[in-house]
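Q: What follows is a structure written as structure tokens; I'll ask about it next.
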Protein chains: 2
Amino acid sequence: MGAELEEAKEIIDQHLNEENEKVDLTPYDLAQHLKTLKKHDEDLYNEYLEKLDPESLGDVAIELPDHMLKDVIETIPSEKIVEALEELESDDATDLLQYIEDIDEEKAKELFDGLDKEDQDEILRLRSYDENEAGAYMQTELFSANLNEKLSTAVERLREQKELGELENVSQLFITDERHILKFAIPLEDLILFDFNSSLKDIIEKSEEDKYKPHVAMDNDPIEEVVEVVQDYDMNSIAVVDTRGVLLGRITTDDIHDFIQERATEQIYNLANVGDADEEENSLLNATRSRGIWLFVNLFTAIISSSIIGLFDDAIASYVALAVLMPIVASMGGNTGTQALTVTVRRLALGEIEFKNAKPALIRELGIAFINGLIFAVLIGLVAAFWFNRPMLGVVIGTAMLTNFFFAGFFGTVIPLALKKFNIDPAVGSSVLLTTVTDVVGFFSFLGLAKWILL
Amino acid sequence: MGAELEEAKEIIDQHLNEENEKVDLTPYDLAQHLKTLKKHDEDLYNEYLEKLDPESLGDVAIELPDHMLKDVIETIPSEKIVEALEELESDDATDLLQYIEDIDEEKAKELFDGLDKEDQDEILRLRSYDENEAGAYMQTELFSANLNEKLSTAVERLREQKELGELENVSQLFITDERHILKFAIPLEDLILFDFNSSLKDIIEKSEEDKYKPHVAMDNDPIEEVVEVVQDYDMNSIAVVDTRGVLLGRITTDDIHDFIQERATEQIYNLANVGDADEEENSLLNATRSRGIWLFVNLFTAIISSSIIGLFDDAIASYVALAVLMPIVASMGGNTGTQALTVTVRRLALGEIEFKNAKPALIRELGIAFINGLIFAVLIGLVAAFWFNRPMLGVVIGTAMLTNFFFAGFFGTVIPLALKKFNIDPAVGSSVLLTTVTDVVGFFSFLGLAKWILL
């Protein structure tokens, strides 16, 4: 383990000494190496935290888990953290301040008070958005110009902003009128071809009509819709405007990437009854509690299913084969239902189906469930008939299987659609609801038919 | 339904008549409207297919489901499809030709023969890559220049390429030496600030060292790794080079977006034993078969679990409460195992854990399983003891529950890690393996303990 520590130390040293810091170590990597330091040598770790310049500090702090961000708050003087916040892009500064507030509200207030008025206003504005709104994902730093300016004036401003480190990741020039209403957006790959001495107005007038009409997001638009527009039009960034059309900021692809990735993780976790936020923190107890809550719900529904079995205890006592076979009916129903559920949840998320045009999707799922139900009804019927040497047992389990497949296909599709209709995330809790249905239907149809036909 | 047809027709008309076609209708949208036409009026649909100009045709064809692409092949003259292929970017042309080949091999060969030599060579090269290699995702169209050129010469070339419609979505200039080896990459946001009369060599020499050293992907690199680099460094596109460093092409963010989205869908589907490729086609039978195969595997493992129950048929016959309670032990184990499994699969995919440093992840999962196991052992113990009025039954089910939680946490973590180690997708089949373990352990521990202690 000494080698691991040495390596981390060396890499961070290189980073600290290098002139151009950002070439080869991402903030995420730096955070990982600091984590290694902390594990092996707490003093050295604190020493390195203090060595970071404000720019690196801000970038790294966003990537740190809560317990290490707490170290930052406790070790580093507030003035330096304020400086780090000022170096960050507005959306990242807002996020970092939020993380700090989650740990130490007093400290966050102190840091906020230390920022200059302009940064404070920006952060207040960005914080006013709900986490599902496009505004919450935008940064206010962008490359813009007035329609009456010359292109060379705009380019000079870009130079200044870049030299001051105020602007990165530029892919288009946003052109506004006197009232700051966004009128046009010219990608840099076009901009570089124009005569820099022309006025922007001339450039626009000489271009094909509508060529530079921008795609925009409204600040209150759901972020999912914005991501769809960006994907459909293969854009590198999108302008965010308010209801009057005033340019407020832009959302860049790195944020879009992160959103797609995080949303997918959230869905995968929710389908398995795991909370994504609780898993991503380092706290074992939060993860345990969050999973435990869903296990508790599952315990409750499992007891309901079991009480169905309890209704038929006399049948089971007189013919134990029923107890042996009943989990198969439930398990197959659960599986086929989960297939339908997962496909429906994902297609909803990708915008491929919506509540109002869900009928073909439902028919499709019922079709699949019916065909597979028939096949597996025959299969399990044969297996059961030969296993226990009783043909009617095969008929009973086959019929129960087909019934359960049908319910599984139906509820696997309808549960997420109904949740979506009521604006509940269709991935959350749907699998528990579904398996309750498939267990109850599976046990009830199999044991009920058996009692009626066999006994 | 007539209204739907009218609307689709009108929108496509607008698109066909507009000067600048690409402003407001994405190829995906156009494909959707064509689908509506086909549903309502086959003749009109064919008429509109023929009206599409080659550029729209290529873009739309990629988005069409197989049965509609078949219509294109059968309705539209080969010369026009060849033209459409030539209008597409190299990666898209390669994909489209592949789709056509999947439907009609002869036709694909005929179209390929109609392309000019250069396009043929490009397609052959791109097709030589495995679908997991970076090379399969690159396009060969890019903005590049020789180190000795003047910036103005490069910009002139960009103008020509753009006017010919050969190049879109440019975000950087790639600079190569005489042997086409990639040396530097300058983002457009920097390029626009330089004196256009300077030579590129001068520009590079006057810049900070390493500032324009490019991040590159090797053509044989796994695409997952390339996506990670692009995300870590917030890039808009990445150069692809061969082992000697020769510039071959670039991968743009739109392809990265698609990859992230598709990979997430694949994972979600695989975890639910659904094949993503079979779901995305429109064929009900393919989806039914692909799901059916996994259901067959599940039937097999469910029979194994049931045969465990069969070992204890005498115990169940003499005490039916066992049959009532046993599904609870299995269900809770399955759920807690699925939680561990899902988190492990996703963290593997995101690169947060790897086989070699998986110990902390395993310890974490065992910790969570143990704590929740204790809690739910006590809960279910109390419920069972009161329900059947027999305290020792509570002890037995509690012990079985804790045992199953422990196995669930262990195998939920180890199964995906082991699959990954053997280069098998850890999402495929792991949930079937896992529930086999939790069913077998659940039934065996509960019924075994009951037989030993209670009877």
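Backbone N, Cα and C atoms are what each Cβ position is placed from, and that goes for glycine too.
TrEMBL feature annotations, pasted as is:
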type	residues	note
DOMAIN	B:209-266	domain 'CBS'
TRANSMEM	B:293-312	transmembrane segment
TRANSMEM	B:318-345	transmembrane segment
TRANSMEM	B:366-388	transmembrane segment
TRANSMEM	B:394-419	transmembrane segment
TRANSMEM	B:431-454	transmembrane segment
Q: Under 8 Å, at least three CB pairs between the transmembrane segment (B:293-312) and the transmembrane segment (B:366-388) (pairs 6 or more apart)?
A: no
Q: Looking only at the domain 'CBS' (B:209-266), what is the model's average confidence as pLDDT?
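A: Average per-residue pLDDT within the domain 'CBS' (B:209-266): 90.
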Q: Which bits of the chain, at least 6 residues beyond where the transmembrane segment (B:394-419) starts or stops, bring a Cβ under 8 A of a Cβ in it?
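A: 325, 328-330, 332-334, 336-341, 344-345, 348, 355, 358, 361-362, 365-366, 368-370, 372-374, 376-378, 380-386, 425-430, 433-434, 437-438, 441-442, 445-446, 449-450, 453-454.
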Q: Across the domain 'CBS' (B:209-266), what are the DSSP residue counts per state (helix, strand, coil)?
A: 24 helix, 16 strand, 18 coil
